[in-house]
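*Asks:* Below is a structure I'd like to ask you about.
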Amino acid sequence: MSRENNCTTADLAWGIPSITQAWGLWALFGVVTMLLLISLAALLSQWTRGRRRTQEEQGPPSGRSVEEVPLYGNLHYLQTGRLSEESRSEEQDPSSGGLARGAEEATCYTSLQLRPAQGRIPSSGTPIKYCEVVLDSEPKPQASGPEPELYASVCAQTRRARASFPDQAYANSQPAPS
């Protein structure tokens, strides 16, 4: 049997019948294609809506854009290269005390802790624990050289009974004059 005997001139290509010969097959193909496209459009719509909703819930703190939120604390405005819009307008009007307020806002502080989601009640966070300066009277055996005797101890619960320096402002400063 040769292939030419089975093939008619009404075929679009080998094995694909024309619309007049198999209109029901082409109609079914069209319906399935339309349902597939509608399903794809609905899926993309739900995906973008859900993504937009999660971005609104997890958005930047206090309504500011991500570029405005500093990553590290204690950045002076000369180091960052920009001022806030409020301090720029206040520096232009010195009669309202804008220069003093602009100088106060020159240093930025931020917390590197994650903020709670906007739907929850914010907690007070962990309280700040201050350092104590203590004198280490126990010598440590080390051959590399002498270590300094004064050091700052963070959360030094076990060393609190040792000597502290209440009359000095800082660990390495001179005693307060009497």
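Cβ atoms are placed via backbone N, Cα and C, with glycine included.
Note that the coordinates shown come from a computational prediction; the quantities given were computed from them, not determined experimentally.
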*Asks:* Which one of Ser87, Ser95 shows up in Swiss-Prot with the note phosphoserine?
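*Replies:* Out of Ser87, Ser95, Swiss-Prot attaches the phosphoserine annotation to Ser87.
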*Asks:* From Ser45, Ser111, Ser164, Ser173, name the one Swiss-Prot lists as phosphoserine.
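*Replies:* Comparing Ser45, Ser111, Ser164, Ser173 with the record, Swiss-Prot tags Ser164 as phosphoserine.
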*Asks:* Can you dig out which of the ranges 14-19, 32-37, 128-133 Swiss-Prot describes as region 'Interaction with PTPN11'?
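*Replies:* Of 14-19, 32-37, 128-133, Swiss-Prot gives region 'Interaction with PTPN11' for 128-133.
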*Asks:* Please identify the range among 38-41, 134-137, 170-173 that Swiss-Prot labels region 'Interaction with GRB2'.
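*Replies:* Swiss-Prot lists region 'Interaction with GRB2' for residues 170-173.
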*Asks:* From Ser65, Ser96, Ser124, name the one Swiss-Prot lists as phosphoserine.
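*Replies:* Matching Ser65, Ser96, Ser124 against Swiss-Prot annotations yields Ser65.
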